[in-house]
């Protein structure tokens, strides 16, 4: 629980709202890189989904209204479905699409939406989302096992992305649970700290930053995986922004 409308009379949870800028910044950067590399539109959709998740979370934490809670939570399911599509279509030939896969994922999203709106139990949403994450992780590990046999260099890059994305999500999840369990204690500690230090104990806000990075890295993973499967990965290189944020760039030919 946070101290609502303390820093701004228009924003209920200031830090939980403002940290969604991480979603906006990383999603827009990712969209720019997709366009610069002329990769397939599916990856652009992944970043659009990430942007919508950040916007929904921003609106919910700014207002604490139920309709914006749905806009915060349900886009997580929709955006992850796009990533699942990317994971399962990594082996497909260039410019090919799977209508069957899209129908399955749209059906899943619609079912989760209809059930969740009716029962209004957060645990249902959490399980539905966790199932999607599990599917992506299992499919990604299957790809990694195949690539390990043929391209050790590409495999090492994939593993690095896998652990960075998973680690970001994992650490964020730990902080989110600490914030839920020790809400009252953290609030009391923030009250004792100077105003400049109190935000460091806004653990739900750190959850937003961690999940934003994890989401972004997961999409970069799918982009890099696609380049490997298309057999053009040697034309690209992995770079880092601020030593942390990975992105793919074309190699400059001599």
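Our numbering is plain: 1 for the first residue shown, then up by one each step along the chain.
Just so it is clear, glycine is given a Cβ too, placed from its N, Cα and C backbone atoms.
Please treat TrEMBL annotations as automatic predictions, because they have not gone through curation.
Here TrEMBL flags 4, 13 as Ca(2+) binding site.
Taken from TrEMBL, the feature Zn(2+) binding site covers 61, 204, 208. All protein chains considered, the CB of residue 61 (Zn(2+) binding site) has 26 other CB atoms within 10 Å.
The list of residues near the transmembrane segment (14-32) in space but at least 6 beyond its ends in sequence, with Cβ under 8 angstroms from a Cβ of it, reads 2, 6-8, 43-44, 46-48, 50-51, 53-55, 57-58, 61-62, 199, 202, 204-206, 208-209, 212-213, 215-216, 219-220, 241, 245, 247. Sequence annotations record features per position, and here TrEMBL assigns transmembrane segment to 14-32 (among others).
Taken from TrEMBL, the feature transmembrane segment applies to 44-64 (among others).
Counting only same-chain residues 6+ beyond the ends of the transmembrane segment (100-117), those with a CB under 8 A from a CB of the stretch are 70, 73-74, 77-78, 81-82, 84-85, 88-89, 124-125, 128. Marked as transmembrane segment by TrEMBL: 100-117 (among others).
Annotated transmembrane segment per TrEMBL: 154-176 (among others), in sequence order.
Counting only same-chain residues 6+ beyond the ends of the transmembrane segment (196-221), those with a CB under 8 A from a CB of the stretch are 2, 13, 15-16, 18-20, 22-23, 26-27, 29-30, 43, 46-47, 50, 53-54, 57, 79, 83, 86, 136, 140, 158, 161-162, 164-169, 171-173, 175-176, 178-179, 186, 189-190, 244-248. Residues or ranges marked as transmembrane segment by TrEMBL: 196-221 (among others).
Geometry remark: residue 61 (Zn(2+) binding site) versus residue 13 (Ca(2+) binding site), CA distance 5 Å. The highest number of surrounding Cβ atoms within 10 Å, among the binding-site residues 204, 208, is found at 208. Only residues 6 or more beyond the boundaries of the transmembrane segment (154-176), in the same chain, are considered here, and those with a CB under 8 A from a CB of the stretch are 133, 137, 140-141, 143-144, 147-148, 203-204, 206-211, 213-215, 217-218, 220-221, 224-225, 228, 233, 238, 246.
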